[in-house]
């Protein structure tokens, strides 16, 4: 589960005992066989609340502020340059962003010693669950819930896009929720600035939410890729099942064209590659299905908004600002309460020559920025 703090699960009483280390400055916990070593200010109840390819997420309490937080441990974070860069990206981006609908980073736990710095612990604000869990649950969702979740997702995305950043991995498990129905976007490890749209490797983005231009290897993609993902997420929210659950690339494109219709030649202007155009033209042809017939539970305004999000040609897809101003969101939209980011985010640490050691140094500096005291002890 790829979340920075979704609640539930694990040792429910949080009664995990810690062992003091490094002269009592840190405490080590054993969580399902995972060693979790955090600064002593983070105290029980410690509960495992999520795990993924990167490691494990636990909730804890910051004894200095009384706030419950989510701590993500990324084990052996510097073994692989790509993953190390992803961690640095997430930290840098979340420190740059400040928005109600984007998860806040609270701390990078400073490693006790420089030479044994292998695991990164990122501390986030704690949320209760994520949209994936809610969609899969039996919890009833009203149209008002769905509308409010969509509004907050677009509101956060407006801020992200205004910072000249594409999220690139929007999916239900990356949208955190609390009991108030507040929604926060998380997991920025795959984000890119609009000027560095390198092609994404297969393992990267979840295929089901991937826009046609990415499925077709288009290298010059835009913020419209995130809008496509939002359309897929919104439909999944309303219908409680994925819209395009493709098993592979070929089936993914087929599911898309079966629903929204095969693209016409004028929809393919974004494709620079003749091979991609030829590939599209030789696929079986499908007529567009009327969404109101296929999804009779959806009202006309919701259908209209989704149809504008799920357009094959990214240039004809609705923008986030236009979506916020759509009649479907009229009761929530307030342009004066939809802030933008005033300084574009710069990935100025992206030199190809950066080694794992360079990245380790940069993450160390981030940890020191959060915890400036006693830096000399750590350096020695």
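In case you wondered, yes, glycine gets a Cβ from its N, Cα and C as well.
The annotation active site, proton acceptor is assigned in Swiss-Prot to 169. Cβ neighbour count for residue 169 (active site, proton acceptor) (all protein chains, 10 Å cutoff from its Cβ): 23. Taken residue by residue with DSSP, residue 169 (active site, proton acceptor) is part of neither helix nor strand, so it is coil.
The ATP binding site annotation in Swiss-Prot covers 49, 50, 51, 52, 53, 54, 55, 56, 57, 72, and the record cites sequence analysis as its basis. For residue 53 (ATP binding site), the Cβ neighbour count at a 10 Å cut-off comes to 8, with all displayed protein chains included.
According to Swiss-Prot, the feature domain 'Protein kinase' maps to 43-329.
The phosphothreonine annotation in Swiss-Prot covers 201 and rests on experimental evidence.
The phosphotyrosine feature in Swiss-Prot is assigned to 203.
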*For residue 169 (active site, proton acceptor) and residue 49 (ATP binding site), what Cα-Cα distance in Å is obtained after rounding to a whole number?*
21
*Take the Cβ of residue 55 (ATP binding site) and count every other Cβ within 10 Å, whichever protein chain it belongs to.*
18
*Would you give the longest CA-CA distance, in whole angstrom, between residues of 49, 50, 51, 52, 53, 54, 55, 56, 57, 72, the set recorded as binding ATP?*
14
